[in-house]
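**Student:** Sharing a structure with you now.
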Amino acid sequence: MGLLECCARCLIGAPFASLVATGLCFFGVALFCGCGHEALTGTEQLIETYFSKNYQDYEFLIDVIHGFQYFIYGTAAFFFLYGALLLAEGFYTTGAVRQIFGDYRTTICGKGLSATVTGGPKGRGARGPQRAHSWQRVCHCLGKWLGHPDKFVGITYVLTIIWLLVFACSAVPVYIYFNTWTTCQSIGNPTKTSASIGTLCADARMYGILPWNAFPGKVCGSNLLSICKTSEFQMTFHLFIAAFVGAAATLVSLVTFIIATTYNFAVLRLMGRGTKF
């Protein structure tokens, strides 16, 4: 078999949907977690500097921000592991589907994964059998999961519903910063609005960011315009937009995972007549 023919058969058997979804998932999660973390830090600095001088006014806000940042850490770790499992599931089920259709039976990765799941070669040496036995138990557990794509369909479906809420929440700070930026544009171009510049304000209390007794709690007129021109505000605004885009990319990847996994499961169940693999 020539090199080109071998590469062509590998490409034919590759689960392209799972590969694209995994890459999109890792990209989206990295963008959401990295930019979201820095955007929350920038928001904390803006509140402390311009909207309130009393620590008690934004003490609860800081706790909430830190809680979201810890959530981001957990999200990054979880999606890294789950994305790798979904990619392995894609190789595993795609090999079985190719076998049913009589195509190239499995990919090189699928063969390696199958060998790993079945235990692989035995260990050597005094501690070899013990290590091999422990590794076989882990692989056996992994094989049970990879052999049941319906579990991945259910988990990914629930995860997609949860991520829809995360996606909606990531749009809230973008909306707040966009309103503030629009107000600054009106202040910078007085001819575009009939209101006086002094009445154009950004009130953090209105969005529930600060309590109503916070002072000053809002910034108006030329002071607000000067804030919008700072690098901190512009950077934080763009970071929230990037985090929103990352959340959208992650949502698309999860939907792609659902479609690919559901298709493989349906083919294996209907055309494979329920054969376990």
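Even glycines carry a Cβ here, placed using N, Cα and C.
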**Student:** The disulfide recorded in Swiss-Prot for CYS201 goes to which of CYS220, CYS228?
**Tutor:** CYS220
**Student:** Check Swiss-Prot and name the cysteine among CYS169, CYS184 that pairs with CYS228 in a disulfide.
**Tutor:** CYS184
**Student:** Based on the record in Swiss-Prot, is it correct that ASP57 and SER226 are on the same side of the membrane?
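**Tutor:** Both on the same face of the membrane, per the record.
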**Student:** Neighbour count, 10 Å Cβ-Cβ cut-off, for CYS220 (disulfide bond): what number do you get?
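**Tutor:** Result for CYS220 (disulfide bond): 18 neighbouring Cβ atoms inside 10 Å.
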**Student:** Taking DSSP states H, G and I as helix and E and B as strand, how many residues of the topological domain 'Extracellular' (179-238) are helix, strand and coil?
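**Tutor:** Its residues fall into 32 helix, 7 strand, 21 coil.
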**Student:** Taking each of CYS184, CYS220, CYS228 in turn, which of these disulfide-bonded residues have a Cα lying within 10 angstroms of the Cα of THR199 (O-palmitoyl threonine)?
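**Tutor:** CYS220, listed in sequence order.
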